[in-house]
Amino acid sequence: MATTQTLFTFFVAAAVVAFAAPTSGQLTLDHYDHVCPQALPTIKLLVDAAVGIEPRIGASLVRLHFHDCFVNGCDASVLLDDTPTMKGEKMAKPNNNSLRGFDMIDQIKTAVNIVCFGNVVSCADILAVAARDSIVALGGMPYDVLLGRQDAMTASVDAANAAIPNPLLDLPALISKFQSNNLTLQDLVVLSGAHTLGVARCTTFRDRIYNETSTIDPDFAAALQAQCPRTGDDDVPHSLDETPAKVDTEYFTGLTQRKGLLHTDQQLFQGDGSDADSLVKLYSENSDKFWADFGAAMVKMGNLSPLTGTDGEVRENCRVVNGD
Ligand code: HEM
Ligand SMILES: *[C@@H]1O[C@H](CO)[C@@H](O)[C@H](O)[C@H]1NC(C)=O
Ligand SMILES: *[C@@H]1O[C@H](CO)[C@@H](O)[C@H](O)[C@H]1NC(C)=O
Ligand SMILES: *[C@@H]1O[C@H](CO)[C@@H](O)[C@H](O)[C@H]1NC(C)=O
């Protein structure tokens, strides 16, 4: 009898160890495994299809997750439309006329609500998973996303304006914006590697290509000036690195050649042998190190201040609070 009980205790303990997933707050790897095993495969299917049609949507989904997490944590606040009583984040300066992918998130949410036979997958989790799946679809390495975030009931245009870094900041200000989210210099550098994907508009890099002659490659500046005049054509896009539809280390290589597109990109490599410089050089030369650190930093960013338990809700429609 004692032996049976000991064995039983042993198996229970072994099972607990085997199934203990890493957690953050109450986030877990297996949050949807029982309530909706089809959720994650469905998100991946839709992201793969969309990226196959338009690679840039992958970039846009990665950025959406970043702009969500930096403003009061990863709570899908960025997805809420304005209401008569709430000015949401969509109209914040870094987001207006710039963030995209909202329709794609709506499509994923609709599909997931169907395959799950109900509203169980949060919009915040969809953002985190869609960002990861986008990175993988564009050639990046997979990493495990913790799940179980709930969605915010409110959003703030002022919080978004305060928290999201603008492209004219110098390195110390960038470091401090990331520090506010408990992210290190290494996190700043490696997460900026997300600029391996996608594009930026003329208005975001104009000052750099005309005024930063001492920190920009002259041929690179001349080519950009031909596309981005001193006035007008504000929305003309240019890729953030040489290979905007591929997750690789070209972004960092470009920085070492003074071909960073944004002022903030080039701030990470100023040729002064600083810690930031060393990290940029490291990632430009060692893609394995980039994959490992990038995945870990995306997880860290994705775990910022999640709403769990009785905080927040699972939104039926990502654009509006339930019952509104
Ligand atoms: C370090 C501070 C950062 C600044 C100042 C910054 C700024 C910007 C700016 C100005 C754009 C172009 C927006 C436009 O032209 O409308 C952009 C694009 C982008 N950013 Fe960042 N960013 C930063 C960090 C990050 C991080 C941490 C991520 C993700 C982990 C990220 C992901 C992206 C992506 C993927 C795009 C391209 C989006 C697209 O093509 O739709 N950025 N960023
Ligand atoms: C948002 O962007 C549009 C298009 O550039 C502009 O007309 C509008 O004034 C902007 N709104 C805010 C609140 O900045
Ligand atoms: C950063 O860490 C501190 C100390 O652990 C914590 O109190 C704070 O809430 C964290 N901030 C964010 C944005 O996660
Ligand atoms: C460049 O600097 C000059 C002088 O400081 C300033 O007037 C101008 O607005 C800046 N930007 C561009 C695109 O020339």
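We count from 1, first residue shown onward.
Glycine is no exception: its Cβ is also placed from the backbone N, Cα and C atoms.
Here TrEMBL has ASP68, VAL71, GLY73, ASP75, SER77 binding Ca(2+) 1, and the candidate from GLU54, GLU89 in that same listed site is GLU89. Of the residues THR184, THR196, THR203, THR204, TrEMBL places THR196 in the same Ca(2+) 2 site as ASP241, THR243, ASP248. The record in TrEMBL lists a disulphide bond between CYS36 and one of CYS69, CYS74, CYS116, namely CYS116. Per TrEMBL, the cysteine from CYS69, CYS74, CYS123 that shares a disulfide bond with CYS318 is CYS123. If you take the Cα of CYS202 (disulfide bond) and the Cα of PRO165 (substrate binding site), they are about 17 angstrom apart, rounded to a whole number. Separation of the C-alpha atoms of CYS69 (disulfide bond) and CYS228 (disulfide bond): 31 Å, rounded to the nearest whole number.
Counting only same-chain residues at least 6 apart in sequence, those with a Cβ under 8 Å from the Cβ of PRO165 (substrate binding site) are PHE70, PRO94, ALA173, LEU174, LYS177, PHE178, THR264. Not one of the binding-site residues ASP68, GLY73, SER77, PRO165 places a Cβ under 6 Å from an atom of ligand 2. The Cβ of CYS36 (disulfide bond) has 18 neighbouring Cβ atoms from other residues within 10 Å, across all protein chains displayed.
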